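Enquirer: I'd like to ask some things about the structure below.
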Amino acid sequence: MADAKAVAKAELKSKDFVPRGNKSSSPLNTTLYLGLRALDCYIQYLILSRATGSFIIKFFGGSIIPHGPPVEAGFMHIEKLGLSGYRLLLLFMDILAAAKHFWFVLTVAEEAWTLTGAIVVGLDNIFFDTLNNLLFLCAATSAASSKAGGETLANPYLATGFIIFAVGLVTECVCEIDRKVFKKNPMNKGKPYTGGLFSLVRHPNYTAFTIWRSGLALASGGMIYGMSIAMFFMWDFSNRAVPALDEYCTKRVSYGPRDSTSTNWSRIWLLMTSSLVRRYVGRV
């Protein structure tokens, strides 16, 4: 394999929010991004628990689903949230995703955050989480509508969505940990990691992100919405993030013949998810 070399920003034609190869410190931009991730969790709580989400839906002429009974967990701080078990689990998934991003930024990531990247990625998460929960509250689109099974923990959309979410989030963490361990070894400096899941898929972390995002969408807005989110991120990664990363890696070090394995695996996952939901939910 050829030796790794530095790649100047001017050499890269693809657009990406991550300044590849720039490992300088960016405390202000990093703090801004993490602040937006924390704010996202509070916004989702307001949407799920108070009149914020209901007001938005009614403003646009929609109707909302009935609020399920508050969960009785035996823990005062949880019960004070006033959320049903379904809504509490949706909020929990949002918080877990944000916690994963905190962990990644503070312990794994090496590239500096740009101001644009911090704002765009932070607002992107707020947008999709807000869209999820507004569609959950809207009677016409909710995965918890009476037709879909109601706002109960036994709702098949919630159960299936949570499993998919957990698989995707854990897989993404495993990918990042494996790659981090590989990079910490001085003998691997400048080498691309091709072990673990990276030996099967060129970009397993992008695939895993798509998986957990689609699981969260499924639990909020049902199967059609969940599949739409999966297809959107497959398109976004295939046309933006993957070409940008591949270009950087190709210019930095010989990577071997390029393939589209990650995209194919994402499509395979989409088909598997569709079959799984059809089996347990019984409707599209």
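Numbering starts at 1 and runs along the chain as it is shown here.
A Cβ is built for glycine as well, from the same backbone N, Cα and C atoms used for every other residue.
From Swiss-Prot, here are the annotated features:
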| type | residues | note |
| --- | --- | --- |
| CARBOHYD | N22 | N-linked glycosylation site |
| CARBOHYD | N29 | N-linked glycosylation site |
| CARBOHYD | N205 | N-linked glycosylation site |
| CARBOHYD | N264 | N-linked glycosylation site |
| TRANSMEM | 88-108 | transmembrane segment |
| TRANSMEM | 157-177 | transmembrane segment |
| TRANSMEM | 215-235 | transmembrane segment |
Enquirer: Mind telling me which of the glycosylation sites N29, N205 has the densest Cβ neighbourhood, counting other Cβ atoms within 10 Å?
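Expert: Buried the deepest by this measure is N205.
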Enquirer: In angstrom units, rounded to an integer, how far apart are the Cα atoms of N205 (N-linked glycosylation site) and N29 (N-linked glycosylation site)?
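Expert: Distance (Cα to Cα, whole Å): 23 Å.
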Enquirer: Let me know the DSSP-derived helix, strand or coil state of N29 (N-linked glycosylation site), please.
Expert: helix
